[in-house]
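**Student:** I'd like to ask you about the structure that follows.
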Amino acid sequence: MLLSFLRKNLRLTGTKYGCGGGGCGACTVMVSRYDPQTKNINHWSVNACLLPVCQLHGAAVTTVEGIGSTKTKLHPVQERIAKAHGSQCGFCTPGMVMSMYTLLRNNPQPTMEDVTEGLAGNLCRCTGYRPIVDGYRTFCEVNSSRPELFSKGDLLPLDPTQDLIFPPELMRLAEVKDQTTQRFCGERMTWISPGSLNELLQLKADYPQAPLVMGNTNIGLDMKFKGIFHPVIISPTQVISEWFVFVGVCVGAGCSMSFLKSVLERSINDFPPESTHMFRTLLQQIKLVGGQQIRNVAVSTLGGNIASAYPNSDLTPILAAGRCTLVALSKDGRRRVPIDKDFFLGFAKTVLKPDEIVLSVFIPASRPNEIVHAFRHAPRKESALATVNAGMRVWFNENSNVVKEISIYYGGVGATILSAERACQQIVGRPWEEATLSDVYSTLVDEIKLGPSAPGGKVDFRRSLTLSLFFKFNLLDVTQVDIPQKMQSAIQPLPKHIQPGYQEFQNVLEGQSAQDPVGRPMMHRTALSQATGEAVYCDDLPQTDGELFLVIVTSSRPHAKITHIDFSEALKLPGVVDVITAKDIPGKRFRTFTGYDEELLAEDEVTCVGQMVCAVVAESKAHAKRGAAAVKISYEDLQDRIFTVEEAIEKESFFLPRRQIERGDVEKGLREAEQVYEGEIRIGGQEHFYLETQSFLVIPIGEEKEMKVYLSTQHPAFTQVSETLGIPSNRVSCHVKRLGGAFGGKVTKTAILASITAVAASKTGRPVRCVLERGEDMLITGGRHPVWGKYKVGFMKDGRITAADFQYYANAGNVVDESVLVAEKILLHLDNAYNIPNLRGRSAACKTNLPSNTAFRGFGVPQCMLVVESMIDDVALKLGRLPEEIREINMYKEVSLTHYKMEFDPENLVRCWNECMKKADFRQRRQAIDIFNQQNQFKKRGIAIVPIKYGIGFAEAFLNQAAALVHIYKDGSVLVSHGGTEMGQGIHTKVQQVASRELNIPTSLIHISETSTQCVPNTCPSAASFGTDANGMAVKDACQILYNRLEPIRKKNPKGTWQNWIITAFLEKISLSATGYYRGHDLDMDWEKQEGKPYAYFTYAVGCSEVELDCLTGEYRTLRTDIVVDIGRSINPSIDIGQIEGAFMQGLGLYTMEELKFSPSGVLYTRGPSQYKIPSFCDVPLKFNVYLLAGSSNPHAIYSSKGIGEPTVFLGSSVFFAIKDAVTAARKDAGLTGPFQLNSPATPERACLACATHFTQMVYESYSNPFLSDPP
């Protein structure tokens, strides 16, 4: 693939590996070709991970390194994303840059719609997207006069004349039209690119099973992820001009989606408007096929889309409904084949013969009185495969509403696309009126059946969608009559225009030195290097001499004894050097977390699918993967398998201790309450989905057993691997330059993986690299704990809650990891912002046979508080009052004690609430929403406002300490080392600001190279939103020591420069190196007494979100979000606001879209971006405002700041509760009132079914057995 060629062969490491499947955009590059016919140079953004190098003959490839550099000159695209604070961890940044760069090469004056469409194929897990959008908005708009986090006045202008020219030699090559056959032979595979159509047909006859590859999105993914092997691949790209051309609307089957889009746009202009219905509908669907990178190249061709016969293809239903045909060609001749129900035989099967190729596709113009529409629903609005899609066409008799002909095709409801023939028969010859359509709905319900175990699940939802989409077709100008105002919302698209957001922060204190950077919005210190691809991540380190690659072999059984591991066949394969098992570990064969031991490699028994069993070490990644596939593990299955918390409860399978906490008398409070309600909610797990997967490079020094470990971890000291190797810690140095995201997922499993890699390096005596693929990472490393929360609440008629009793069950997985600590933190945040006099909570970490879950940003708090706020919502629904009223009534309002007897002042919590209510215009918008919901039947709006009180610091006191080492060199430059790791949260930037203030020097003199256990030993993890608090104080201490040492020098020469003072100090033998130390807060929690001070202080925040919901499909759009946060005095507002927005978007994903799916036997299905959807640009609130609370301070942390990395994850629940508010309005229309259970995430499926529309009720009523599926 182009990606590996760029990174390994050319050492152009700016292009990143993120998923290997074209789903994240981290590997985006620009491919350019010269068209000798039009004399134009065409530019496309493409996914390098999917593009075979063999296909690039005659093309120019531009990477992020090629457009600008910090060493020479930046390109405006690189500069603007950096200065707009759109790069945090930076791993996704080169891909963003190249997508935008390609857009500007094609269109130097884009609209915002162009920008968001161009970036739709790129994912970011850190920023929340808003700063990226704002940075690139500058290419579309003039300067704004409102206050902003970055200045637009000094941005480099875009000058297209300065861009790279297309190589003239490639233009000459294209003019020559040399079409000789190209043949590339690899170790196991042959790639043939024929030079003529006749040769292509001959090759297809000789190799009928060989796939035709125009670009690799289907075949490449099958080979990579499903292990399908093709010894011969035929790539007909050279003969594209000979047979993949268009004449009118007869389109070459090999054209890309982008090319087809341009053809249709021209055809719409060339044909009479009444003839373009099919073209416009198909054009609408093309814009939804993958991201821009997928559409841009021949990887996603029209012919490939048809021939692959995937059941959820976005194009085949509309092609079938629209009377399209194709020409199939073989050595025996050609034939025209209708694309209809008879063309598709089953999953990935068509009537095409093995030796046939698709030559062209004919797309007919629409006839008079003929109407065509397409519909789709997907888990995410962009870059997602459809859940259900449809193509529908109706042809009326002239001047009549009598149906002459109709076609209805659905995708996503069977093994292939499905023709609703019986429903069509109900319509033909009848007038298009309510009686006819009523019969159609009944027929569709009966005709489209899906069994309870149908592949893809979501059975009721998919069936409901088939009805809802036909209803939309009915309303979309089919009836030729006026649609009632209340029903028009069914066909109105959801809003999508992203507006500029507002960010408000405190100015620095009056009188603060202009040189003092603390409190100013300073750019991430390496943002420019990240935007140019120069920033080095672990896998960017150059290959070392003799380096090997390691691939992990994991268990395929959820619970079994290992009877034998046979790796004899693996060792026979070329390139395989060794296989590492538990027996090879010279030291401890386990790591200890929270008092429990976890095996590094399973030896006798496996307890989940994905448990690490052994590892294969080989000369290359490809060899190691083949070796891993050849390892045979024999098992004896054990029957006592547990997958759910219910099964764990039944079998009492828990990790101890189980915690409980109580204040007041809950039983008495419940008895005295005027009303009592019991409810529950389930919160699904969440994958970290850091863009950089787990990465390691272990280099044995060869002397005294020394090892250098380069890795991506939040906790360098914990990954020191010495106990695994049986050597002292002083022989192992761990080095962390930066992490491409972490969010809690690079601590425990990272230590185990580092240990395994180190064992391989120790055994072979050679450097060993291990970089997990996305699917491996998701399988092995675990994620956020799924939680089942149950509650019983007593309350008065005026809304006061008198008592609440909570029970939390967290699915911990097969080993304890940090689950017991997560369960404890859940109980410590039980009260959230509410002063409930009688409060009890119990929590349990359930031991199951799923991969173990681990720390994740928020550490159990996002799950805990969703249960609490759901209780608040239910109280409001029971009383017929608004949730915000119940929240206000029960909120802490004066100096109080928490349920664990820690005193705090909630003044700033109340201020955040009042500010957010005011800034969000909450009450006025609530009234407007009520009016909107009364006027619209199928679109509903909802609004919600939620508070959070989040404890900062580690309850385990020893983890709050930190150390630093500061060197001043003779030239005055300063090198700072500390124990925190940079993972996008900006800790190095903030530490640089601290050092600048304390030493009274510019930040340009201060450098932070890496985090290393050689410089700072015994580091604590960068976690718990406490990294800057601890490490900043340690650096401050070291700098103050140095500054005080220089005091005599400054007094002697008060007008001297910094450089003068330093050289003088050196000559006077004053030490210019100092260690700093911060002891940290003495925090503790006594679970026996149920009291303590587990946190240094609280961060307060309030979030308000408004959504618009399509009740027919469950799709929603966040119209606006306002967040007010008490962050004390921010050290760096741009970084802190970036953390707030990024955490909010991660919470939005947790609560509304991210779903981990397991098979009944415990196999994780969702192992990449194609199955697991994180928020994208299309999910950003259309108006996103963040306000840092003014006039706040915090005496418990450095410079009066507060930790902010984790708290605002929970504010993503404001979108969840806004959706629930909209669903409540829909249910009211359906005659349903009172509390109802809406589990998290509130996916379109759950939201749609909860709305209880007429169509969902029809689905439920269609079951002969009422227990098959119950309405919500």
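Note that Cβ sites are derived from N, Cα and C of the backbone, with glycine treated the same way.
What TrEMBL says about a protein is an automatic prediction, not a curated fact.
TrEMBL lists these features:
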- 1-67: domain '2Fe-2S ferredoxin-type' (DOMAIN)
- CYS19, CYS24, CYS27, CYS49: [2Fe-2S] cluster 1 binding site (BINDING)
- CYS89, CYS92, CYS124, CYS126: [2Fe-2S] cluster 2 binding site (BINDING)
- 184-368: domain 'FAD-binding PCMH-type' (DOMAIN)
- LEU212, VAL213, MET214, GLY215, ASN216, THR217, ASN218, ILE219, ASP314, ARG376: FAD binding site (BINDING)
- GLN714, PHE743, ARG857, ALA1024: Mo-molybdopterin binding site (BINDING)
- PHE859: substrate binding site (BINDING)
- GLU1206: active site, proton acceptor (ACT_SITE)
**Student:** Could you give the number of helix, strand and coil residues in the domain '2Fe-2S ferredoxin-type' (1-67) as assigned by DSSP?
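**Tutor:** Helix, strand, coil within the domain '2Fe-2S ferredoxin-type' (1-67): 15 helix, 19 strand, 33 coil.
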**Student:** I'd like the Cβ neighbour count for CYS27 ([2Fe-2S] cluster 1 binding site), meaning other Cβ atoms within 10 Å of its Cβ, all protein chains included.
**Tutor:** 28
**Student:** Just to be sure I understand the packing, how many Cβ atoms besides its own are within 10 Å of the Cβ of CYS89 ([2Fe-2S] cluster 2 binding site)?
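**Tutor:** Summing over all protein chains shown, CYS89 ([2Fe-2S] cluster 2 binding site) has 29 other Cβ atoms within 10 Å.
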**Student:** Quick one: which of these recorded positions, CYS49, CYS124, CYS126, ASP314, ALA1024, GLU1206, have their CA within 10 A of PHE859 (substrate binding site)?
**Tutor:** ALA1024, GLU1206
**Student:** I want to check the contact list for CYS92 ([2Fe-2S] cluster 2 binding site): same chain, sequence separation of six or more, C-beta distance under 8 angstroms. What comes out?
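**Tutor:** Listed in sequence order, they are LYS16, GLY18, CYS24, GLY25, ALA26, ASN122, LEU123, CYS124, ARG125, CYS126, LEU691.
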**Student:** What is the one among the binding-site residues CYS19, CYS24, LEU212, ALA1024 whose Cβ has the most other Cβ atoms less than or equal to 10 Å away?
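**Tutor:** Per the Cβ count, the most surrounded site is CYS24.
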**Student:** If you measure from the Cα of GLN714 (Mo-molybdopterin binding site), which of the recorded positions CYS27, CYS49, LEU212, ASP314, GLU1206 is the nearest?
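**Tutor:** Spatially nearest to GLN714 (Mo-molybdopterin binding site) by Cα position is GLU1206.
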**Student:** Starting from each candidate's C-beta and looking 10 angstroms out, tell me which of the binding-site residues PHE743, PHE859 has the most other C-beta atoms.
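**Tutor:** Going through PHE743, PHE859 one by one, the largest Cβ count within 10 Å is at PHE743.
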**Student:** Provide, as an integer number of angstrom, the distance between the C-alpha atoms of the residue listed as 'active site, proton acceptor' and CYS89 ([2Fe-2S] cluster 2 binding site).
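**Tutor:** Roughly 16 Å, rounded to the nearest whole number.
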**Student:** Cβ distance under 8 Å to ARG857 (Mo-molybdopterin binding site), same chain, sequence separation 6 or more: which residues?
**Tutor:** PHE743, GLY744, ALA1143, GLN1146, GLY1205, GLU1206, VAL1209
**Student:** Can you give me the Cα-Cα distance between CYS89 ([2Fe-2S] cluster 2 binding site) and CYS27 ([2Fe-2S] cluster 1 binding site) in Å, rounded to a whole number?
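**Tutor:** It is 16 Å, counting Cα to Cα.
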**Student:** What count of other C-beta atoms do you get within 10 angstroms of the C-beta of CYS124 ([2Fe-2S] cluster 2 binding site), across all chains shown?
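**Tutor:** Neighbour count, Cβ to Cβ under the 10 Å cut-off: 31.
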**Student:** Quick one: Cα separation, CYS19 ([2Fe-2S] cluster 1 binding site) versus LEU212 (FAD binding site), in Å?
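**Tutor:** Computed Cα spacing between CYS19 ([2Fe-2S] cluster 1 binding site) and LEU212 (FAD binding site) is 24 Å.
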**Student:** Name the residue among the binding-site residues CYS49, CYS126 whose Cβ has the smallest number of other Cβ atoms within 10 Å.
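**Tutor:** Taking CYS49, CYS126 as the binding-site residues, the minimal 10 Å Cβ count falls on CYS49.
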**Student:** Please name which of the binding-site residues listed here, CYS27, CYS49, LEU212, ASP314, is nearest in space to ALA1024 (Mo-molybdopterin binding site), Cα against Cα.
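**Tutor:** The smallest Cα gap between ALA1024 (Mo-molybdopterin binding site) and any of the binding-site residues is with CYS27.
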**Student:** Please report how many Å separate the Cα atom of CYS27 ([2Fe-2S] cluster 1 binding site) from that of ASP314 (FAD binding site), as a whole number.
**Tutor:** 25
**Student:** In whole Å, note down how far the CA of CYS49 ([2Fe-2S] cluster 1 binding site) lies from the CA of ASP314 (FAD binding site).
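**Tutor:** Here the two Cα atoms lie 23 Å apart.
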